[in-house]
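Annotated in Swiss-Prot:
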type	residues	note
COMPBIAS	247-257	compositional bias 'Gly residues'
COMPBIAS	275-296	compositional bias 'Gly residues'
MOD_RES	Tyr75	phosphotyrosine
MOD_RES	Thr220	phosphothreonine
MOD_RES	Tyr272	phosphotyrosine
MOD_RES	Tyr289	phosphotyrosine
REGION	232-307	region 'Disordered'
REGION	248-298	region 'Repeats, Gly-rich'
TOPO_DOM	1-19	topological domain 'Cytoplasmic'
TOPO_DOM	44-100	topological domain 'Vesicular'
TOPO_DOM	125-131	topological domain 'Cytoplasmic'
TOPO_DOM	156-193	topological domain 'Vesicular'
TOPO_DOM	218-307	topological domain 'Cytoplasmic'
Amino acid sequence: MDVVNQLVAGGQFRVIKEPLGFVKVLQWVFAIFAFATCGSYNGELRLSVECANKTESDLSIEVEFEYPFRLHQVYFDAPNCRGGTTKVFLLGDYSSSAEFFVTVAVFAFLYSMGALATYIFLQNKYRENNKGPMMDFLATAVFAFMWLVSSSAWAKGLSDVKMATDPENIIKEMDVCRQTGNTCKELRDPVTSGLNTSVVFGFLNLVLWVGNLWFVFKETGWAAPFLRAPPGAPEKQPAPGDAYGDAGYGQGPGGYGPQDSYGPQGGYQPDYGQPAGGGGGGYGPQGDYGQQGYGPQGAPTSFSNQM
């Protein structure tokens, strides 16, 4: 019990909610329905033979047949209207297609159960070295092909079984029914709805296994080289160098450098550092407005270059 509890506790049951595990559950269930509806079939037909001599007639002849539909081994006793009976055998052997269909269904059932247990309890081993998904994909592809072949073969085989067990066709092959004065009638056809259902489940399994190929294929990683990453955001182009000068703001000629506003080449440059007795002009005590400030020698010093 401890081992079971550990397995249950360590199981990743959420995989059943994912497409990979959920489809595997459907495959397991539909495989059961496929081989159960075909392998457990048991049919019966009825007919009557009425002889000219009423005492020799048999008005209720029952003929039973079942899986695997070796009809050539099925017979019934019919009156020959001459005081005796004759063994009448059905025609055909359709066991190959029926047994092939059931065999594929049984193996699909077993594989689905094993794969589902691996998904839940051995997820790490399944993904180790990517071997598990690769083997799973190959097995799924094989089973998809086998479902196609077996379902198609069984659909044809079922059509032949219906023809061989049709009371009208059986009556046509009976010698006693061709004799004058004798009357043969069909009383009941065999019910083959279960066999029809088995064919439907066969093709449903085909759809499930083919569809599951995509989910298993994604687990293999083979699709990674074909998946392109979404394009990234385009890089922002730098502004042209001559938009605001080659050197930028405050970095030399051509920009918006503050050094030229009051630079050495011109501008308002009052000399506040001259001594009081200096003769350089300005507002010193030795000069007035007629000598140095606005003399005929030229314009004021502060505007000599800019004006």
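From the backbone N, Cα and C atoms, a Cβ is placed for every residue, glycine too.
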Could you break down the residues of the topological domain 'Vesicular' (44-100) into DSSP helix, strand and coil, giving a count for each?
12 helix, 26 strand, 19 coil
Sort out the residues at least 6 away from either end of the topological domain 'Cytoplasmic' (125-131), same chain, that have Cβ-Cβ distances under 8 Å to it, and list them.
118-119, 219-221
Take the topological domain 'Vesicular' (156-193) and find every residue of the same chain, 6 or more past its ends, with a Cβ under 8 Å from one of its Cβ atoms.
43-52, 60, 63, 65, 69, 71, 78-81, 86, 88, 90-92, 94, 96-98, 101, 199
For the topological domain 'Cytoplasmic' (125-131), what does DSSP give as the number of helix, strand and coil residues?
7 helix, 0 strand, 0 coil
Write down the Cα-Cα distance for the residue listed as 'phosphothreonine' and Tyr75 (phosphotyrosine), rounded and given in Å.
54
From the DSSP assignment alone, can you count helix, strand and coil residues within the topological domain 'Vesicular' (156-193)?
19 helix, 6 strand, 13 coil
